[in-house]
Amino acid sequence: MTNIRKTHPLLKIVNHSLIDLPAPSNISAWWNFGSLLGLCLMIQILTGLFLAMHYTSDTATAFSSVTHICRDVNYGWLIRYLHANGASMFFICLYMHVGRGIYYGSYTYLETWNIGIILLFAVMATAFMGYVLPWGQMSFWGATVITNLLSAIPYIGTTLVEWIWGGFSVDKATLTRFFAFHFILPFIIAALVMIHLLFLHETGSNNPSGIPSNSDKIPFHPYYTIKDALGFLMLILLLMLLVLFSPDLLGDPDNYTPANPLNTPPHIKPEWYFLFAYAILRSIPNKLGGVLALVMSILILAIIPFLHMSKQRSMMFRPISQVLFWILVADLLTLTWIGGQPVEHPFITIGQVASILYFSIILILMPLASLVENKILKW
């Protein structure tokens, strides 16, 4: 008799995705981040659900309800900080996952890559709206500044912003709708993850060499289930270190002050994982130009597959592209640092140079390096 996991209509989907899935024999730890992102999403949905049981999305009580969660709810402080720092872990894994895709040429799986970009936007939107919910100073002013960017859209901008706000400023209506969207989006993300995996399993995983591995596959279980389990353990360890020893390390102290529309904080800045995009936005003196650069800083990922000029898929055997890739990583770290600095000399100039370098590497230098490497192959 055939095993039930191979015959049962539901179980066989799980079987083909997580157990009997043929996987390349040489995928490295960089391939762990997909499953780690799944773990992060589950942690966020679970902790978020328990937070939503005690949270109230009203401007008068939102801040107090978060205080109540931390002080009065059993292990409420733990749930709250797991959720807040879980978001940071989520973005660390996301950026590693995208970086892996760029380095090893995984973007040639177009459908998988494009769904991934949609997922990235959805997670960023969810994180932004979640940051507004505690209704602290940075929540309020962050929401005001970022939603205001849409007013740069010609003709319909101002109307659009007021429509999103549900009034003439960020107020009760805004908070309530942000809570509703923040609750529903993770489930939409979970559905998109299924589609992401569906497209991935049409082709099978890429591998570090970038060479088809059809002749050398191994079953996902037990080899990669145990490898993923190790990744889970390391992620949870890191998250717990953060939550239990310095839960406010990545947060902003301004968010412990209740929102006050009459008092603007000296430095309005988003959470650390948006700082690179914020730096690109600020480095352009024109409002619409800045907004376009902000959107393009992420949307540029959609152009990457069409800029692939190399005869090889992966960067494993392409030293010039490797150097450019790591300069790009350093550039993103520089932008992240600049995004958290005040708008004054020399930070303005550093930000502008780093922004130009970011777009130049992706749009010009990497394709050129690929063409040079193609020539070197013939020597």
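Sequential numbering from 1, following the chain as shown.
Cβ coordinates come from backbone N, Cα and C, glycine included.
The heme b b562 binding site annotation in Swiss-Prot covers His83, His182 and is backed by similarity to another entry. Neighbour density for His182 (heme b b562 binding site): within 10 A of its CB lie 21 other CB atoms from the protein chains shown.
All protein chains included, His97 (heme b b566 binding site) registers 20 other Cβ atoms within 10 Å of its own Cβ. DSSP classifies His97 (heme b b566 binding site) as helix under the three-state reduction. Marked as heme b b566 binding site by Swiss-Prot: His97, His196.
What Swiss-Prot lists as ubiquinone binding site is His201, and the listing cites similarity to another entry. Applying an 8 A CB threshold to same-chain residues 6+ apart, the list for His201 (ubiquinone binding site) reads His16, Ser17, Leu21. DSSP assigns His201 (ubiquinone binding site) to a helix in the three-state reduction.
Taken from Swiss-Prot, the feature transmembrane segment covers 33-53 (among others), and the record attributes it to similarity to another entry.
As annotated by Swiss-Prot, transmembrane segment applies to 77-98 (among others).
The transmembrane segment annotation in Swiss-Prot covers 113-133 (among others) and rests on similarity to another entry.
Annotated transmembrane segment per Swiss-Prot: 178-198 (among others), in sequence order.
Sequence annotations record features per position, and here Swiss-Prot assigns transmembrane segment to 226-246 (among others) based on similarity to another entry.
The transmembrane segment annotation in Swiss-Prot covers 288-308 (among others) and rests on similarity to another entry.
Annotation comment: Swiss-Prot describes 320-340 (among others) as transmembrane segment.
Feature annotation from Swiss-Prot assigns transmembrane segment to 347-367 (among others); the stated evidence is similarity to another entry.
Using a 10 Å radius centred on the Cβ of His196 (heme b b566 binding site) and all shown protein chains, the other Cβ atoms total 21. Listed by sequence, the residues of this chain that lie at least six past the ends of the transmembrane segment (226-246) yet keep a Cβ under 8 A from its Cβ atoms are 29, 32-33, 35-36, 39-40, 43, 78, 81-82, 85-86, 88-89, 93. Here the CA atom of His196 (heme b b566 binding site) lies 24 Å from the CA atom of His83 (heme b b562 binding site). For the pair His196 (heme b b566 binding site) and His182 (heme b b562 binding site), the C-alpha distance works out to 21 angstrom. Under 8 Å from some Cβ of the transmembrane segment (33-53) lie the Cβ atoms of residues 69, 79-80, 82-83, 86-87, 89-90, 93-94, 96-97, 100, 130, 182-183, 186-187, 189-190, 193, 228, 231-232, 235, 239, all in the same chain and six or more residues away from its ends. Within its own chain, the transmembrane segment (347-367) has Cβ neighbours under 8 Å at 279-280, 282-284, 293, 296-297, 300, 303-304, 307-309, 321, 324-325, 327-328, 331-332, 334-335, 338-339, 341, counting only residues six or more beyond its boundaries.
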